[in-house]
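**Student:** First the structure, which I've put down as structure tokens, then a few questions once you've had a look.
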Amino acid sequence: NICRSPIAEAVFRKLVTDEKVENKWMTDSAAVSDWNVGRSPDARALSCLRNHGIETAHKARQITKDDFQSFDYILCMDESNLRDLKRKSNQVKDCKAKIELLGTYDPQKQLIIEDPYYGNEKDFETVYEQCVRCCKAFLEKPH
């Protein structure tokens, strides 16, 4: 929860703020695993966001049972995330969250948002661009 999801969270938060609908959305990001809990996003993720005028104070955290009960949507980045989240959700009574790939909303049909951790700045920029496209399309659909 230090690369893709904090970028997506920050992008979504900026979009809803710009649209003046931030009070209608509770926005957060979390990891499936407990790696990096409490850490700030990767420096390259922060730099990429700053290049687009976006700041974030996010600290990595692991998803909780409560998240499945309180969020309407849990959007994830790849098939592995999707599989793990669906497995976790099956252990939660009253799971109300719809769990899906953020990439399903991509008008360019890039279903998977690849982890840029072992890549370079260009890979973080690709993640950012995918998140912008997907979050805009997600917001445009009726909820």
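Every residue, even glycine, has its Cβ placed from backbone N, Cα and C.
Pasting the relevant annotations from TrEMBL:
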DOMAIN    1-141  domain 'Phosphotyrosine protein phosphatase I'
ACT_SITE  Arg4  active site
ACT_SITE  Asp115  active site, proton donor
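Help me picture these features in the structure, burial and contacts included.
**Tutor:** Sequence-distant contacts of Arg4 (active site), defined as residues of its own chain at least six apart whose C-beta falls under 8 angstroms from its C-beta, comprise Met77, Ile113, Asp115, Pro116, Val127, Cys131.
A simple way to gauge crowding: the CB of Asp115 (active site, proton donor) has 15 other CB atoms within 10 angstroms, across all the protein chains here.
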